[in-house]
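Structure first, then comments.
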Amino acid sequence: MDGPPRRGHMPPMSDDQTASGRPGSAPSSRPPPPPGGGPRRRGSGHPIAARTGSGSTSPPVGLAVALSWAALAWERAWRALWPALTLLGVGLAALVSGVLPRLPGWLHLAVLLALAGGVAALLLQAGRIWRCPTRAEAVSRLEGGAAPGHRPLTAARDTQMLGRDDALSRALWARHQADMRARAQALRPRPPRPGLAARDPRALRFVPLLLLFAALTMAWPDPLGRLVAGLSPRLGAPPPPAVAQVWITPPAYTGRAPLYIHAATDEGAPAAPPAGDAPAPRSGSAGPETPDAARQPVGPTPLVLPAGGSVLVLLRGGSGPGTLDLGAGQPERPLEITGDGGQRLDLTVSEGSRLRLTQDGAVLVDRPLHVVADLPPEVAWAAPPEGDDRGRLALSYRAVDDHGVTGVTLAVRAAGDQALGDPADLDLSVPPDGVGGVEAARDLSAHPWAGTAVALRLTAEDGAAQTGASEQIDVILPERRFSHPVAQAVVDLRRALVMRPDRAHAAAQGLLGLARDPAAYDDRLAVHLGLSTAAARLAFAPDGRARTEDLALLWSIALALEDGTLTVARDDLQAAREALREALERDAPREEIERRLADLREALDRMMRELAEAMPLLDMPPMDLPMPQGMEMVSPEDIQRMMDRLSDLTELGADEAAQAMLDQLERMLERLESARPPTRAEMEAMARANEMMQRLQELARRQRALLDETFRADPEAAERRQTPGLSLDRPFPDLPFPSMPPRPGGNDRAGDGQSPDPQRQSETARDLQERQRALREALEDLMADLGEMTDQVPEQLGEADMAMREAERALSEGDTGAAAQAQGRALEALTQGQGQAMGQMMGPGGPGGMGMMGLPLPGFGLQPGGPGMPGQMGPGFRPGPGRDPFNRPSGGVDDDSVDVPTEPDTRRAHEILRELRRRANEPERPAPEKDYLDRLMEPF
């Protein structure tokens, strides 16, 4: 049967020919056919690693077959697993949402078991349904993308059965195989199509995705903690709900109220804070009291905390340890277990970005935290320092800080080569709110460097102990000028020692020379002993150099000569003030504050007695005069009233208000401390000034009486008084007109309808003219005396003189109406001139230098330097602080510069305190309420 092949029949090709596609090609690496010579079955072998019948497929075709197999496997797996995945998604959403931990423990466990059982059953069913695809199925899927009727990959695997001996048949078969291989290379795998839309027409498979997204949103930023809590059922008795209390307390120096956060959970699930404030821990418990704390709801509002503040966390209930995370790269801090079973953490915060409290995976508090760094204070000069008219150093500065400055210090350093004297650091006043401008004055006349150049620098300090300094300013320290010649000579020797400490022996000789003339210091034994002691100390000084103690002794001798015992009283008053302020600032016990207050009252009484003894002219009766510009009325009653208010405030425990009241009292007492006894020349000048003011008052009284008579003598004015609807045209509205009773004897006939007698009117006008001329001449004599005393005449008195001349001229012409108007202007000018004249006599240029003496005219109760108060009767008049519209004391000298409780507020506080004490002493009240009342009264 080995004859030639028949026509039309292709002989079978050998394996070598099949592999190469043409006869005579190299043998293929393909494995031999199976035994028996039968052809290989299509689709046999490993689904991926099998080769084609005509040789190995090219790598692109192999990759396409693998991708088709993977797509087919995914389609079958998704169809089998989607019920189990759907149930698993619903379960994850329930776990993350936090619903399961709210259930009882047994029900929580049952839900978890049911969920696990359902997922396991569906997975078993999927395992039974799923069948691994074969290579033939993968090839068939890949060939599904070819042209209809073509299977190039399968055709490439075919073998030639007939015509293997025919060359033409073999050539055609090779061409066919090459064409099929080319088409197989062009095949592309199709994407997977699970076909679930037909199996799930209602798209229920997307419900788990929506539920899981909503649960993750609710659980953010701790979904893992929620998941762990959902997978951990609590069997047995459930723990009590977790209650967290967080106090965020800024540093005390900031003056800000603490923030209070209250968060409660029900078995680990976050809950909204209760509507009311949680009770604060009692005194002696783990947490601070929060009667004034600002309650903050749990929410996204950032918490602002100055650096250095504290965070106190109290946690009760729940299960597991609590942790606090402040963010900013800081490690989580575990809470400490307390003796009562709770947890506590107290720490100081210097940095942080978030306050997050968690327990057993549950987030109790999660708030943004903004820690603000404390900036250093700033202080600057508002005006250059300069000496005032009392020899004090006037200071004007401005301090700024984010939380207010707590102290301002003035550093006094030598600007030149002074060899003797210590640098001084003076505590200055702090702005009322810790921020703002301050004007103060300090008496540095006792310092050895007084009258020399010094360098001044301000330093401000805040509550965090940070400091800021101003620029340095060089000034000449003001010095005190002494009126006593011996006192001034001692001060001159002292200043010479400051500049030349090595001249101690020469200064000793000068002091001995002063001591040899006892008459110069009124034979005062204490002064003689002081001069002799100082001379001896300087004469025997080591190395012939003076010391600081020697300078202090010389200064005390000069003060004793100038002020007498008033200096000791002034020093005692200053010491008592400083002791009371120090006790208030350090919150001393009530008993100590009351003792300091009693010492201040005693020192003040002693100071007033010394002033009364040193200044006998103060006992002169007061005069009812208008207030001159720059004068403030201060009476002993005002000082006593302020002392009583200060005592009430300290009794109530209002230390801040007491300090503010003490500031007001100190400003008032500064004038008393700067007072000194007048010299004989000053006393004579004060007596002359008193006489001048009495003469000026008498002129004003006589001018008013003359105005009344001129007004009654004016027939037109009388007619206007009788005509309804008409009023007198008053040229001086600020002056009250007296009532006009009819003259005795019926001289005023304007009201009975009879016309006045012209002859009588002429005689009356001449009489009024003569009296007006006499008043004008008396005013001119007074103006001449004032000019001689003060070298200047008040402008208002000149206006009064001109108005009197106009009145004279009008009276000479019989025009009583015009005369009355001119007399009114004269009276108004006289009233205003009284204040200006008194201000000139009391000022620095006044007689005897009373302005430098720092004392008022005797009997007036006035002090220079107060708020301006023009004449009482003139335009622009306003009463001083603590005065009613008539310039009478109105119960105190408080102004609006500080927030001091009024007397009604103080009385109300006393009533509340008495009521608290009454309730605390009632035996039937429960112990917790008594403890609360005791804590309320503790500051008092």
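Along the chain as shown, the residues are counted starting at 1.
Backbone N, Cα and C define each Cβ position, glycine as well.
Owing to the predicted nature of the structure, the values given are computational and were not obtained by experimental measurement.
Annotation source TrEMBL lists coiled coil at 566-610, 655-709. According to TrEMBL, the feature compositional bias 'Low complexity' maps to 19-28, 267-289. Look at TrEMBL and you will find 710-722, 904-940 tagged as compositional bias 'Basic and acidic residues'. Residues annotated as compositional bias 'Pro residues' in TrEMBL: 733-744. Taken from TrEMBL, the feature compositional bias 'Gly residues' applies to 868-879. Residues annotated as region 'Disordered' in TrEMBL: 1-58, 267-301, 323-342, 710-771, 868-940. Annotation comment: TrEMBL describes 80-100, 106-124, 203-220 as transmembrane segment.
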Intrachain neighbours beyond the region 'Disordered' (323-342), with Cβ under 8 angstroms and 6 or more residues off its ends: 286, 311, 313-316, 349, 351-359, 369
Residues from the same chain, set at least six apart from the ends of the transmembrane segment (203-220), whose C-beta lies under 8 A from its own: 82, 85-86, 88-90, 92-98, 196, 226-227
Overall pLDDT of the coiled coil (566-610), taken as the mean: 82
The region 'Disordered' (323-342), counted residue by residue under DSSP: helix, strand, coil: 0 helix, 7 strand, 13 coil
